Amino acid sequence: MPLNVSFSNRNYDLDYDSVQPYFYCDEEENFYQQQQQSELQPPAPSEDIWKKFELLPTPPLSPSRRSGLCSTSCVSVTPFSPRGDNDGGGGSFSTADQLEMVTELLGGDMVNQSFICDPDDETFIKNIIIQDCMWSGFSAAAKLVSEKLASYQAARKDSSSPNPARGHSVCSTSSLYLQDLSAAASECIDPSVVFPYPLNDSSSPKPCASPDSSAFSTSSDSLLSSTESSPRASPEPLVLHEETPPTTSSDSEEEQEDEEIDVVSVEKRQPPGKRSESGSPSSGGHSKPPHSPLVLKRCHVSTHQHNYAAPPSTRKDYPAAKRVKLDSVRVLRQISNNRKCTSPRSSDTEENDKRRTHNVLERQRRNELKRSFFALRDQIPELENNEKAPKVVILKKATTYILSVQAEEQKLISEKDLLRKRREQLKHKLEQLRNSCA
């Protein structure tokens with residue numbers, strides 16, 4: 001039943017008093033004298049133009065998907081009697097009554113929830129909001145719903161009159177309602193097309209399908225199943241096709257909207273990689289794009305800096321002269337190669353290169369000098385195990401050690417000379433003894 005909520009204590013004529021300062025009238029002329037004498041609300045200034053901007057009614061609502069309202073016309077319909085007599089059963093509702101209740105609920109809710117008042121009341125028609133062009137769409141929708149309900153109620157009253165063919169008339173009325181519902185369902189957009197993801201509620205029953213809407217639901221289900229099973233397999237966008245041809249221009253426009261919605265949803269699912277592959281199907285295999293970035297190689301000069309906190313090195317062989325020559329040759333060769341590979345530069349760039357080369361050579365010279373000090377330190381017995389010996393100490397200890405070594409050398413040379421003389425004497429004595437024995 002429609003939910004009609006009316007407030008009897010509210011006077012809708014007072015609505016004009018709140019907006020009266022916004023309407024400008026000439027003081028010499030009284031345009032609303034006749035209306036005030038008849039105690040009617042004066043019309044709004046936009047009364048002559050609101051018909052030009054009358055809005056069209058809203059699109060048809062989607063059919064209900066409840067299981068109690070989804071019985072087809074093939075099921076035997078028992079007539080309903082509001083008096084509760086024996087032939088109607090009193091407590092059972094026929095398909096026509098259920099569909100009428102749904103229609104009344106949908107229409108009544110749309111009007112009564114928008115305006116909390118009775119649509120049959122005169123104050124509802126006289127309200128200034130209805131006469132305004134911005135609110136004309138609601139009045140047009142209410143008028144359309146009321147006319148449709150009135151025609152259905154008149155048909156039901158004719159069918160409810162006592163006659164021998166009462167069951168047949170109720171069945172025909174129910175088939176009329178079912179045809180109207182199927183037409184509305186065919187005009188509506190299937191929610192599964194707009195929202196193609198499966199619902200979690202698997203226990204909810206499916207909506208009733210009429211012969212006209214069964215083809216649409218079958219085609220949409222097959223389209224969705226093919227899209228969900230292989231969303232990336234088809235490179236071309238899928239388009240929604242209906243088996244039933246469109247009857248009006250509004251149907252064709254809604255079909256175009258359905259097609260656009262479906263194309264957008266399918267194209268969003270395709271990754272950019274698949275689109276590129278679909279754009280060029282002749283390219284075979286996983287061929288990489290011809291992308292060869294320019295890599296500029298920079299020469300790396302190995303710089304060795306001594307770590308004083310590191311443990312003592314056990315390496316004793318330091319061919320300093322050869323290493324200096326080889327490193328200097330290698331660095332100069334790398335610098336010359338870099339100059340050959342690069343393009344001719346300006347004078348500033350050449351100066352920077354010279355400065356960089358000088359810094360590299362100077363750093364290499366210092367490293368070699370440091371290595372020489374380390375080698376000298378390792379040769380001194382007193383500083384052999386001292387990793388943190390300064391250079392001055394190394395030089396002093398090295399000088400002392402060299403002098404001591406030279407003194408030892410002179411001593412050993414003198415001893416050698418004495419031993420050689422002793423040998424000569426012994427040889428001469430042995431020769432004399434041999435001659436005496438002979």
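Glycine too: its Cβ is placed from the backbone N, Cα and C atoms.
Record features, source Swiss-Prot:
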type: COMPBIAS; residues: 210-237; note: compositional bias 'Low complexity'
type: COMPBIAS; residues: 278-287; note: compositional bias 'Low complexity'
type: COMPBIAS; residues: 335-346; note: compositional bias 'Polar residues'
type: MOD_RES; residues: K143; note: N6-acetyllysine
type: MOD_RES; residues: K148; note: N6-acetyllysine
type: MOD_RES; residues: K157; note: N6-acetyllysine
type: MOD_RES; residues: K274; note: N6-acetyllysine
type: MOD_RES; residues: K316; note: N6-acetyllysine
type: MOD_RES; residues: K322; note: N6-acetyllysine
type: MOD_RES; residues: K370; note: N6-acetyllysine
type: REGION; residues: 201-294; note: region 'Disordered'
type: REGION; residues: 335-357; note: region 'Disordered'
type: REGION; residues: 412-433; note: region 'Leucine-zipper'
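Structural mapping of features recorded in Swiss-Prot.
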| residue | record | Cβ neighbours (10 Å) |
| --- | --- | --- |
| K148 | N6-acetyllysine | 13 |
| K157 | N6-acetyllysine | 9 |
| K370 | N6-acetyllysine | 14 |
Distance [Cα-Cα, Å, rounded] between K148 (N6-acetyllysine) and K370 (N6-acetyllysine) = 106
Ask   = What is the separation, in Å, between the Cα atoms of K157 (N6-acetyllysine) and K370 (N6-acetyllysine)?
value = 117
Query = Looking only at the region 'Leucine-zipper' (412-433), what is the mean pLDDT?
reply = 94
